[in-house]
Amino acid sequence: MTNLEKMREKLQDQINYHNVLYHQKNKPEISDAEYDELKKKLAEIEPEIYATQESVGAPPDERFSKVEHQEPMLSLENAYDEQGVEKFLSKIKRFLIEDKIEILCEPKIDGLSFSAIYEDGRFVKAATRGDGFVGEDVTHNVATIKGFPKFLQGVQGRLEVRGEIYISNSDFLKLNENDEFANPRNAAAGSLKQLDANITASRPLRYFAYSLIGGAEKSQSEVLNKLEALGFCVNEHQSLTSSLDGMLKFYNEVYNCRYNLDYDIDGIVYKVNDLVLQNRLGNTHKAPRSALAYKFSAVYAKTKLNKIFIQVGRTGVLTPVADLVPVNIGGVLVSRASLHNQDEIKRKDIREGDIVTIKRAGDVIPQIVEVSRDSRLPNTPEFVFPEVCPECGSKVRQVEGEAAVRCPEEFACKAQIIEKLKHFVSKDAFDIVGLGDKQIEFFYDLGLIKQIPDIFTLEERLDEFNLEEQSGWGKKSIAHLLNAIQSRRVITLDRFIFSLGIRFIGQVAAELLADYYVSYDNWYNSMIELSSDNTELVGIDGIGKKVAESLESFFSKEHNIKMLNDLTACLQILPVSSNSSNSVLNNKIIVFTGKLLAMSRGEAKVRAKTLGAKVSSHLSAKTDYLIAGEKPGSKYKKAVELGVEILDEDQWHKVISLGVFK
């Protein structure tokens with residue numbers, strides 16, 4: 001066995017060892033960054049093995065068959081202070097035009113979400129939340145949970161119960177005598193996701209049910225009562241209130257007694273109690289508008305800041321990052337923290353070698369909140385922010401009024417090009433299996449992939465670069481990669497727009513643009529004309545001036561136009577298909593003016609979009625309908641001049657309720 005083979009085997013053994021600790025025992029010994037470094041080293045030695053690992057996937061959920069949720073299991077919007085709760089309550093009141101809304105308050109259990117399906121009262125399937133749309137089948141494992149109902153008396157048809165699986169603190173202490181798990185949540189997750197249901201049965205899993213889909217209940221409080229009547233465990237701590245004071249009072253009461261509970265909670269969940277109002281509020285792209293999680297205060301820990309290093313992102317921003325001595329904060333090993341920008345470093349006087357206090361709140365990136373100057377060594381120098389890009393050496397720039405420092409060489413800076421390529425192939429964009437970070441860097445350095453279109457012409461240039469002769473690459477790994485690329489030549493418009501990595505164009509903005517323009521040609525042609533007129537783009541509901549300016553800048557550069565033309569010659573970009581094709585509003589451009597009496601402007605926009613309409617604030621000859629409420633503005637007069645059809649509020653209600661105009 002050669003030294004290279006020995007090293008490869010050693011790295012593979014280390015990765016396998018840490019996979020077991022993380023995914024099965026839920027007791028990681030190293031940070032995510034250190035784990036990624038092991039995988040990168042293996043990739044350098046044997047890209048073929050690395051590509052295979054990337055396609056199969058290490059997470060344990062790949063071992064389970066998939067279950068598609070009929071209704072998405074969305075996450076909740078979070079608040080971390082009282083102002084966030086007040087904002088939530090004010091927003092739903094404005095949306096519904098209601099002065100008083102009943103809110104049900106419940107503890108937020110720190111466990112693992114589940115869905116259980118019953119057919120004619122018989123338990124038939126259980127699934128994890130997964131990505132919210134597709135979960136893992138854990139039917140046999142959930143069936144082993146003590147006291148979990150297998151049959152519901154008197155229930156007909158399909159009924160879905162949702163809740164949270166957890167392990168109590170007292171049971172966790174007994175289970176964790178050998179210190180196998182970091183915390184009760186990890187223990188619950190590891191126990192539920194076992195291939196052998198006998199192992200799950202040996203673990204003290206418990207659950208709370210909190211949601212019912214398919215019932216006849218009219219409120220969340222009725223849902224909880226029904227669940228309890230059916231034999232499900234329901235959390236006893238709950239409160240109904242119609243005021244902000246009542247919501248905050250419940251939070252404080254539970255916060256003060258949380259350590260007396262025998263299970264972990266990480267906040268309070270507020271839900272609009274009336275299910276009809278919940279339905280009217282609907283969902284954003286990621287969460288229901290009718291609920292909020294008020295997370296408990298952040299967890300803090302002290303550690304040493306080893307070094308400050310600079311990352312260059314795909315838009316050229318130089319971001320300082322703190323490399324820390326790894327510290328456990330609330331069961332999570334933290335080895336890096338965000339420093340945001342040079343102003344933040346100066347304001348807090350953060351220096352390398354300092355003892356710092358780290359704050360971690362929910363899913364927010366850990367931050368340095370305090371520096372222990374008493375512990376600082378004498379003559380410790382201030383951190384000097386670089387005046388040139390650490391990647392390409394170009395002089396950096398800072399736009400007046402912005403905190404961000406940028407490298408201006410977007411087409412020449414290696415770091416920016418590589419980060420754009422990584423973004424393009426990432427999971428939420430083209431999702432090309434086998435083209436991970438290390439592969440992108442390898443192909444860039446080799447000269448095979450220098451710009452995005454090169455990905456789809458890779459096969460034509462392989463002989464020129466003798467990839468098969470490169471260390472670790474063979475016919476099999478090359479074939480896998482080419483097949484993965486070939487399978488991604490068809491993509492939806494929103495994912496394509498997002499994949500380009502244009503500043504300010506995240507997934508939400510990309511989806512809004514795709515929904516409005518429907519096809520790539522429509523979008524492209526409209527963007528080309530931005531320099532002369534961007535009023536239509538700015539008028540799209542949810543698209544602001546910054547997005548418009550960013551798109552205008554992107555499409556003003558010949559390099560980007562050529563890249564798009566080269567790229568689209570290799571692809572099929574699917575137009576947006578509407579779920580409301582039978583709606584009279586499908587693909588119609590609608591503008592609102594004046595005050596609506598029966599519903600808020602926000603709700604009216606949501607209803608219009610649900611029916612397939614494109615909502616804009618800009619009225620033009622392209623507008624199909626102007627919805628005019630009380631005291632309409634200048635848009636009414638302009639609509640008359642342009643011959644745009646005008647609907648009053650009564651006509652608008654007939655459209656959204658009956659689908660007719662007259």
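Just so you know, glycine gets a Cβ as well, placed from its N, Cα and C.
On a predicted model such as this, the values are computed, not experimentally measured, just so you know.
Sequence annotations record features per position, and here Swiss-Prot assigns active site, N6-AMP-lysine intermediate to LYS108. DSSP assigns LYS108 (active site, N6-AMP-lysine intermediate) to a strand in the three-state reduction.
Summarising the environment of LEU76 (NAD(+) binding site), the number of other Cβ atoms within 10 Å of its Cβ, over all protein chains shown, is 19. Taken from Swiss-Prot, the feature NAD(+) binding site applies to ASP32, ALA33, GLU34, TYR35, ASP36, SER75, LEU76, GLU106, ARG129, GLU164, LYS271, LYS295.
Marked as Zn(2+) binding site by Swiss-Prot on the basis of sequence analysis: CYS389, CYS392, CYS407, CYS413. If you take the C-beta of CYS392 (Zn(2+) binding site) and look for same-chain residues 6 or more apart in sequence within under 8 angstroms, you find CYS407, GLU409, ALA412, CYS413, LYS414, ALA415.
Residues or ranges marked as domain 'BRCT' by Swiss-Prot: 580-662. Summarised by DSSP class, the composition of the domain 'BRCT' (580-662) is 29 helix, 18 strand, 36 coil.
Annotated Zn(2+) site CYS389, CYS392, CYS407, CYS413; additional same-chain residues within 8 Å of its Cβ mean position, judged by their own Cβ, are VAL312, GLY316, VAL388, PRO390, GLU391, GLY393, SER394, VAL396, PRO408, GLU409, ALA412, LYS414, ALA415, GLN416. A Cα-Cα distance of 12 Å separates LYS271 (NAD(+) binding site) from LYS108 (active site, N6-AMP-lysine intermediate). If you take the Cα of LEU76 (NAD(+) binding site) and the Cα of LYS108 (active site, N6-AMP-lysine intermediate), they are about 11 angstrom apart, rounded to a whole number.
All protein chains considered, the CB of CYS413 (Zn(2+) binding site) has 21 other CB atoms within 10 Å. Between the C-alpha atoms of ARG129 (NAD(+) binding site) and CYS389 (Zn(2+) binding site), the distance comes to 42 Å.
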